[in-house]
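Quick look at what TrEMBL annotates:
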type	residues	note
SITE	A:His35	site 'Important for catalytic activity'
BINDING	A:His35, A:His265, A:Arg360, A:Ser387, A:His464, A:Asp472, A:His476, A:Arg523	substrate binding site
BINDING	A:Asp162, A:Asn192, A:Ile194	Mg(2+) binding site
SITE	A:His265	site 'Important for catalytic activity'
DOMAIN	A:357-529	domain 'Transketolase-like pyrimidine-binding'
ACT_SITE	A:Glu414	active site, proton donor
There are 2 protein chains.
Amino acid sequence: MDIETLKAQNPAHWTKAAAIRALTLDAVAAANSGHSGMPIGMADVATVLYEKHLKFDAARPDWFDRDRFILSAGHGSMLLYSLLYLCGDPEITLDEIKNFRQWGAKTAGHPENFLAQGIETTTGPLGQGLANSVGFAMAEESLRARFGKKLVDHYTYVIAGDGCLMEGVSHEAIGIAGRQKLSKLVVFWDNNNITIDGTVELSDRTDQVARFKAAGWHVQEIDGHDPSEIDAAITAAKTDDRPSMIACKTHIALGHAAQDTSKGHGALTDADQNAAAKALWGWTTGPFEVPDDTKTAWEDIGRRGVAEREAWEARVADLSATRRAEFTRTMSGEAPKKLSSTIKALKKQISESAPKVATRKSSEMVLEVVNPIVKETIGGSADLTGSNNTKTGDLGVFDVDNRKGRYVYWGIREHGMAAAMNGMALHGGIRPYGGTFMCFTDYARPAMRLSALMKVPTVYVMTHDSIGLGEDGPTHQPVEHLAISRATPNTLVFRPADTVETAEAWELALTQTSTPSVLSLTRQGLSTVRTEHKTKNMVAQGAYVLADADGKRQAILLATGSEVEIAMAARDMLQADGIGTRVVSMPCWELFEEQDERYRKRVLPGGPVRVAVEAGIRFGWDRWLFGERGKREKSGFVGMHGFGASAPAETLYSEFGITAEAVAQKVRGLIEGKWQPDPRT
Amino acid sequence: MDIETLKAQNPAHWTKAAAIRALTLDAVAAANSGHSGMPIGMADVATVLYEKHLKFDAARPDWFDRDRFILSAGHGSMLLYSLLYLCGDPEITLDEIKNFRQWGAKTAGHPENFLAQGIETTTGPLGQGLANSVGFAMAEESLRARFGKKLVDHYTYVIAGDGCLMEGVSHEAIGIAGRQKLSKLVVFWDNNNITIDGTVELSDRTDQVARFKAAGWHVQEIDGHDPSEIDAAITAAKTDDRPSMIACKTHIALGHAAQDTSKGHGALTDADQNAAAKALWGWTTGPFEVPDDTKTAWEDIGRRGVAEREAWEARVADLSATRRAEFTRTMSGEAPKKLSSTIKALKKQISESAPKVATRKSSEMVLEVVNPIVKETIGGSADLTGSNNTKTGDLGVFDVDNRKGRYVYWGIREHGMAAAMNGMALHGGIRPYGGTFMCFTDYARPAMRLSALMKVPTVYVMTHDSIGLGEDGPTHQPVEHLAISRATPNTLVFRPADTVETAEAWELALTQTSTPSVLSLTRQGLSTVRTEHKTKNMVAQGAYVLADADGKRQAILLATGSEVEIAMAARDMLQADGIGTRVVSMPCWELFEEQDERYRKRVLPGGPVRVAVEAGIRFGWDRWLFGERGKREKSGFVGMHGFGASAPAETLYSEFGITAEAVAQKVRGLIEGKWQPDPRT
């Protein structure tokens with residue numbers, strides 16, 4: 001169908017879609033950067049979706065029961081910004097459109113969820129939005145099961161491009177969605193056959209239709225410029241009991257000189273070509289000008305959901321006070337009041353019984369008491385349930401016939417799990433946690449970065465956190481992964497030393513509102529070091545004096561997690577020699593960094609020699625060894641200097657020299673002034 | 001078919017396969033850890049492959065034209081070790097089998113390529129072997145096209161499990177293989193329907209047969225315990241012009257009490273159950289004992305390829321001296337002699353012309369002169385060819401009808417690209433490099449870690465390496481990625497400041513034999529700072545004095561990459577104020593760490609204040625600021641303290657305070673004793 005025919009057949013639709021196209025051209029040209037072709041190509045799909053299907057109230061982008069619209073092909077951000085502006089979103093004003101990609105604008109190069117409520121998720125790293133959407137849809141299913149469809153009943157719509165579908169994470173995401181029969185998830189594939197390097201065939205000839213069918217999806221193929229086909233396909237998608245993929249054959253940069261080319265993917269800034277495209281579209285107003293009648297038509301769309309939203313609010317108001325409070329609290333992400341006392345009670349009990357357990361088991365002990373009171377948790381594991389200890393007795397399994405279940409068998413899909421958890425957290429009403437081996441932080445990494453960037457409190461339960469996992473060897477032994485997570489802004493990395501610290505770490509993780517947490521947990525058993533009960537959450541300070549020096553303080557040992565008990569044993573040896581030794585447990589560097597200078601100085605005073613012990617590489621430790629009143633020549637590190645090896649854990653600790661003896665030895669040498677540089681770190 | 005029938009129908013086959021099963025049981029039981037079920041389940045497939053198809057000479061695992069066998073399901077390592085031992089591999093002796101998973105053994109928990117020549121690749125992180133295999137098969141195609149099938153003509157066989165196929169990287173890998181019609185790649189899927197958490201259906205219902213067909217593969221479905229079906233399927237796979245997937249229906253832990261269960265996936269250590277399984281298999285000898293006739297039968301298999309290997313060696317010997325030398329050099333991975341002089345000539349020319357270009361463009365300039373003389377490079381990009389500047393004029397495109405092409409359009413598949421590059425490097429004869437945006441280090445990360453662990457010199461061309469990329473915003477702006485790569489053992493991270501340093505970095509990257517390199521390159525143009533030609537490779541020292549102080553040395557500025565010119569401008573300001581200022585360019589921390597104390601002290605003497613400038617986070621910098629004769633209270637950092645933002649690059653540098661003014665200001669403050677802690681780093 002050519003453009004004239006499209007225009008003639010659906011003039012009202014065409015004009016509305018043209019508004020998206022024109023705003024995109026104008027904004028990208030003004031910024032002199034961006035991606036014009038995708039919004040132009042998908043304007044018809046988006047227009048039909050917003051006009052005929054999407055349940056939303058533009059003035060109230062925070063309405064909890066709105067349909068979610070996720071632009072997985074995030075480079076086409078002007079599509080989303082145009083829609084928000086046109087419909088009357090309070091935050092995405094015309095000025096924002098004019099300031100596209102400029103400092104301080106809400107209209108960033110790629111959509112950033114934290115800049116405006118109307119932006120559901122941060123996209124740009126391809127495939128992430130699609131994988132998030134699986135979590136959005138799961139969150140909706142879970143909350144609908146819990147609160148009923150009068151309160152929760154909405155769809156998740158996604159636009160994904162060829163890049164999204166080539167990325168590996170898309171495989172994991174569609175596998176999960178197919179398995180879970182997420183019937184309220186509808187994905188539009190912008191099938192324009194263009195990538196940056198050329199036509200898709202240059203790098204891929206996958207039959208996407210067959211592929212999605214193989215994953216258990218309902219699939220339709222349509223002309224992505226024909227409004228009636230689009231409308232019919234969405235209607236069909238909404239009623240099928242499987243997730244739906246609608247393959248929309250589109251032309252990137254439709255009507256522009258760059259149509260159907262890689263050039264069309266990028267910034268179209270040639271004034272003459274842009275003018276010609278606008279002429280072809282029948283768009284006659286100046287830059288950023290939307291004719292009143294067109295703007296009004298869009299604003300009517302933006303108001304379509306007002307009555308529905310008000311009815312929903314009335315239903316919420318009609319709830320019993322208790323139920324309304326619980327629903328409101330759940331939506332808000334606030335932790336239940338009982339959490340704090342529950343954690344304290346567990347701590348007390350543990351300090352008294354002082355069990356020797358792995359911290360992955362400690363984590364399970366915490367979850368066993370937490371999950372029954374924090375009903376919004378959804379736990380899971382990437383096929384390591386028995387190893388990550390993430391499943392507690394009360395959860396039940398989230399499944400097609402049990403949406404009340406709160407445990408997800410994610411399969412061997414660390415990346416998909418992490419991205420879906422982000423989606424759940426973004427959706428709201430769910431506090432997701434998921435486990436894998438810490439080394440496979442690598443697989444989940446793109447989504448873990450996005451948790452931090454997007455400011456969502458996803459919790460990563462990373463067990464088997466060092467050579468202490470033993471025989472599985474260096475492919476499974478993290479050495480640099482603590483550094484990787486610590487290097488990531490806005491991420492709390494907890495490495496608790498025992499069950500008490502694990503409980504404190506969980507309390508902190510579950511009360512975060514805008515920061516993800518990484519729990520680094522052992523495979524091997526650890527002694528309880530916090531045998532004296534304190535109601536205060538000591539981990540909240542990031543680091544604290546676990547055992548002070550007897551007599552003159554000559555040494556400070558800094559340790560985390562499984563190495564705290566090694567530090568304690570070294571302290572015993574040193575004290576026996578009359579060397580006053582303090583042990584500082586440092587379960588969370590980031591929180592310690594946030595303490596004031598006075599507290600930090602109290603914990604790490606200048607003077608004594610310092611030795612840090614951690615079964616990971618040294619990278620990052622210099623801050624605590626040389627900085628904070630420390631000195632290079634009075635400090636040392638006992639840890640890893642490269643990859644691990646395959647052998648029993650005790651052998652590895654011994655062969656790699658991470659022992660109490662080595663720590664004590666290093667302290668003695670430093671006190672005697674015999675500093676030596678580390679092996680290459 | 002039950003076991004008795006299988007035994008009766010193919011007794012000779014059965015006994016050979018039983019040897020694998022028994023050794024597996026014994027080794028896992030002795031180690032009291034490991035994975036018994038997979039080797040037991042896939043013993044029949046492996047036996048038929050080795051007996052009837054695999055081209056190899058067990059005594060010479062270094063034979064270049066051998067078929068490659070890749071155990072992607074690496075947890076089943078005893079399958080591989082059993083095969084190597086039984087066939088007579090010189091390194092995997094019976095003692096090694098007995099020392100499975102012990103310190104110092106070559107028989108690590110998961111196969112480690114650097115422990116024995118017979119281990120083609122390191123596997124365990126699921127999906128990696130499968131994705132490596134794509135690179136192996138591409139390397140074979142490329143070298144066959146270059147040297148002819150008399151020298152290069154072999155298959156790549158892979159065993160992949162359910163986990164491999166669930167991981168996202170499998171999607172990228174099979175997409176590439178299908179697109180490239182890698183007809184000599186044969187993948188056996190161990191279709192045992194068991195994962196750690198339970199049956200596969202618990203987390204996945206993907207129709208794998210349909211999925212592989214959708215990706216353009218030849219697919220067969222067989223009984224994985226029937227030798228004749230296995231044989232026929234391999235024969236058919238070898239002749240089809242597509243990559244082949246053979247879905248092998250198998251029973252995990254066949255014949256053991258744990259057959260067909262998740263328990264069977266792990267370590268089967270119950271003595272009675274193991275004895276019963278052996279009895280069922282008809283295996284009557286003691287632990288680790290293989291009857292002579294069975295061992296002999298296997299050793300005959302191990303010798304099947306002797307004549308073929310000798311004939312190949314004769315063909316190599318028959319080559320002209322020049323051609324033989326080139327083939328031998330290429331196989332060995334040695335760089336051509338002309339590389340050094342070519343780099344020097346380019347450096348001289350650049351120092352004279354002093355162009356202002358982005359280092360991604362510098363990299364292209366280097367590749368333009370390098371690729372014509374280093375014929376073993378294969379370049380590529382994950383759909384960012386024009387942005388990564390990885391394609392040079394001479395390369396040609398590697399494609400189905402042009403196997404001599406040396407440029408790969410990888411598509412939007414950073415992870416698959418990285419893993420395939422590892423496969424190429426492991427195969428030998430190829431020096432792979434590939435590009436993406438540095439931020440998408442995250443996507444490639446699992447394979448990047450394996451480059452380091454496996455000791456292969458893969459080169460990662462990571463462009464757009466900071467907020468300097470501008471408007472694309474924080475999803476595309478790396479801030480922690482230098483730290484991530486630096487934190488990874490055995491990885492060289494180069495951040496060159498101009499074209500000269502870029503040329504030096506490339507020379508180093510291309511001459512590595514056991515270390516991968518990450519090139520961190522800018523999007524934005526940079527001045528040439530190395531305007532005085534030096535034949536010496538200055539980057540080889542990791543850091544060096546780029547400009548010394550005029551007059552009394554009061555300050556040392558440390559910088560990398562795009563911030564070196566900022567440091568130089570700050571130096572101009574400070575010198576104008578009479579503050580003698582040295583600028584140290586630090587393009588490669590790892591190489592600087594390897595320098596002796598004398599050199600390091602010469603570059604970084606104690607005394608002057610120190611300010612580091614890098615448009616990334618501070619994490620890791622403390623080593624150079626506080627350590628190496630530095631002092632916290634006399635040092636400062638100018639860089640990022642969190643994620644970036646979307647705006648033009650100049651605005652971002654200015655808003656985030658990464659400017660010459662800020663550097664000079666910080667120096668002045670430090671000299672005046674006004675040290676202040678950084679914002680949270």
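Placed from the backbone N, Cα and C atoms, the Cβ positions cover glycine too.
Automatic prediction, not curation, is the source of TrEMBL annotations.
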Using Cα positions only, nearest of the binding-site residues to A:His464 (substrate binding site) (A:Asp162, A:Asn192, A:Ile194): A:Asp162
Against chain B, in sequence order - recorded positions A:His35, A:Asp162, A:Ile194, A:Arg360, A:Asp472, A:His476 with Cβ under 8 Å: A:Asp162, A:Asp472, A:His476
Inter-residue Cα distance where the pair is A:His265 (substrate binding site) and A:Asn192 (Mg(2+) binding site), in Å: 10
Mg(2+) site, defined by A:Asp162, A:Asn192, A:Ile194: further same-chain residues with Cβ within 8 Å of the Cβ centre: A:Gly41, A:Gly161, A:Asp190, A:Asn191, A:Asn193, A:Thr195, A:Thr199, A:Val200, A:Thr250, A:Ile252, A:His265
Most crowded position, judged by CB atoms within 10 A, among A:His35, A:His476 as recorded positions: A:His35
Where A:Asp162 (Mg(2+) binding site) sits in the secondary structure, as DSSP reduces it to three classes: helix
Most crowded position, judged by CB atoms within 10 A, among A:Asn192, A:Ser387 as binding-site residues: A:Asn192
Mean per-residue pLDDT computed across the domain 'Transketolase-like pyrimidine-binding' (A:357-529): 98
Secondary structure of A:Asn192 (Mg(2+) binding site) (DSSP, helix/strand/coil): coil
Cα-nearest neighbour of A:Asp472 (substrate binding site) within the listed recorded positions, A:His35, A:Asp162, A:Ile194, A:Glu414: A:Glu414
Other CB atoms, at most 10 A from the CB of A:Arg523 (substrate binding site): 22
For A:Arg523 (substrate binding site): DSSP state (helix, strand, coil): coil
Minimum Cα separation from A:Arg523 (substrate binding site), reported as the residue among recorded positions A:His35, A:Asp162, A:Ile194 that achieves it: A:Asp162
For A:Ser387 (substrate binding site), the one of A:His35, A:Asp162, A:Ile194, A:Glu414 that lies nearest, given that the recorded positions are compared by Cα: A:Glu414
Recorded positions near A:His35 (site 'Important for catalytic activity'), in sequence order, restricted to A:Asp162, A:Ile194, A:His265, A:Arg360, A:Glu414 and a 10 Å Cα cut-off: A:His265
Top Cα neighbour of A:His476 (substrate binding site) in the set of recorded positions A:Asp162, A:Ile194, A:Glu414: A:Glu414
All-chain count of other Cβ atoms within 10 Å of A:Asp162 (Mg(2+) binding site): 26
Around the Cβ of A:Asp472 (substrate binding site), the count of other Cβ atoms that are within 10 Å: 25
Those recorded positions listed as A:Ile194, A:His265, A:Arg360, A:Glu414, A:His464, and which of them has the most Cβ atoms within 10 Å of its own Cβ: A:Glu414
Close recorded positions near A:Ile194 (Mg(2+) binding site), where close means Cα within 10 Å, chosen from A:His265, A:Arg360, A:Glu414: A:His265
